[in-house]
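Residues annotated as ATP binding site in Swiss-Prot, with sequence analysis given as evidence: VAL18, GLY60, VAL61, GLY62, LYS63, THR64, GLU65, ASP269, GLU334, ARG406.
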Amino acid sequence: MSDLTPAEIVIELDKYIVGQAKAKRSVAIALRNRWRRRQVPEAMREEIAPKNIILIGPTGVGKTEIARRLARLTDSPFLKIEASKFTEVGYVGRDVESMVRDLVELTVTHLKVSEREAVREKAVRLAEERILDVLLPRPEGPQRADGDEPLGSHIEIVSDDDGRVSTREKLRTMLRAGKLKDRYVDLELADRSMPMVEIFSNSGLEEMGVNFKDMFAGLLPKNKKRRKVKVPEALEMLTDEEAQNLVDMDRVVRMAVEKVEQSGIIFLDEIDKIVATSKGSGPDVSREGVQRDLLPIVEGSTVMTKHGAVKTDHILFIASGAFHMCKPSDLIPELQGRFPIRVELDALGKEEFFRILIEPENALLLQYIELLRTEGVDVAFADEAVREIAAMAEEVNAGTENIGARRLHTLMEYLLEDLLFDAPDRAGTKVAIDRAYVTDRLKTIRGNEDLSRFIL
C-alpha cells in the first residue's frame, strides 16, 4: 500500500479516526512524498530530505491513533516510541540512538518472516522428505547421505528399490492425508538457543551494537536437541528449520538496512515530556540533553547497529505532544527547526464524541455489543442514548481534566458495569439502552463533581 495517493490515505484514516483533517492531510502528504522521492533521478534523490512533522493537541484527540493506523497502512519500516523513555548520554536509561537500532531490528524481523513465507512451500517439501527418511530409512543402513542418523520409530526396510519407492509414496500419501497424525517420531533438531549471559546490563548490550550470538557462534559447539513428537508437530518443526536454512540472512539484513535508510518512519510520542519546564539544575537539565542528543539523529547522522552502519538522513520523524504544561516554542530552537511542519489538532466536543461512538470501523459501541453477544445478550443503543453519553463525556471533560476520547471508555465501563457482570445469567435476553437508562446510571457523576474527578 506504499503507492496510495494522499486522498486514499486520508480515506483509510477516516475509517478509524474522526475529524482532524489537517493532521491527516499532513501525514498523507509526507507518506506520498516518500514514494515521490523514489521516482526522481538518483542524483536529485539524495538532496530531497523528509519534512518532519510535529502534531500538537490535547490528550485523547487522535495523535497516537494516527500513528497506529499509519503503521498498518504503510509497508515502510515504522517504529512508535515514547520520547520520555530516553535519557541523556551518561544517565541511566536508553539513549536516543536506540530507536534507530530498534527500527532496524524490527525491519530485519519482518523481512525474515516474509522471506520465510516465500520459501515455505519448498521448506514443506524438504520437511516431508526428512519425515519420510525417519519413517523409512534408506536401505544402505542407519546413516543418511548427509551423515545424520534417522532416529525413531520407522517402517521395516524394504530392500527392493521399486518396492521401497512404492512404500515411500504410500507413506507420503498417508502423511498428506493426515493418517499418520497419531504416530510418534524421534527427531534431532539444531539447538538455536543461546546461553543466558548478562554482562553490563545497566548500559545495555544493544547500546554497544554488539551481536554476542554471532561472536560466540564459532566458539560454541553446534548442539542438536533430540525430541519425540507426533508427526504433525514434527512436520511443522522441520518446516521451520528448513525455511530458516533457505533464507539468506545476509541478504535480509542488507535489504532491511536499505529500507530503513530510504523509507523508515519513526513516530516520537510525548515529545513534550522532554521539554524543560523550569530553568535551573535538576532533572530538566537531562531533558534538554535528550533534545540535543536528538538533533543529529533527526538532522541526519550515522548510527552503529549490530547489523552495520545506518544513515538517518532520509528517515521521516513524526513527533506528537499535548504541550499542556509547556509550549512547542519551549523546545530548543535547533530542534524546532528540524520539525518544519506543525499541525494543531482540534479539541473534541460532544458531536465528535457521538461520531466516535458509532462511525469508525469497530467503533466503541459495536465492541461492547459484540462482547455481550458472546454471552447471548443482545444490546441495542438508542440514538438519544448515544448522544447523552457524548454530552456527558464533554461535560465531565470540561469539569475535570480534559482527556478527550479516552473519557468515553471509562464512561462506557461505568454505564455497562452491572450488565457486564450479570451477562452470564442473562443469556437469551434483549436489553434496550435509552436516554433514561444512561441518565440514571450516570446521574451520580453529573451531580457530584468530586466523584466525577475519580472517573478517569
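Quick reminder: no glycine exception, Cβ is built from N, Cα and C everywhere.
Features per Swiss-Prot, on structure.
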residue	record	Cβ neighbours (10 Å)
VAL18	ATP binding site	21
VAL61	ATP binding site	29
LYS63	ATP binding site	26
GLU65	ATP binding site	17
GLU334	ATP binding site	13
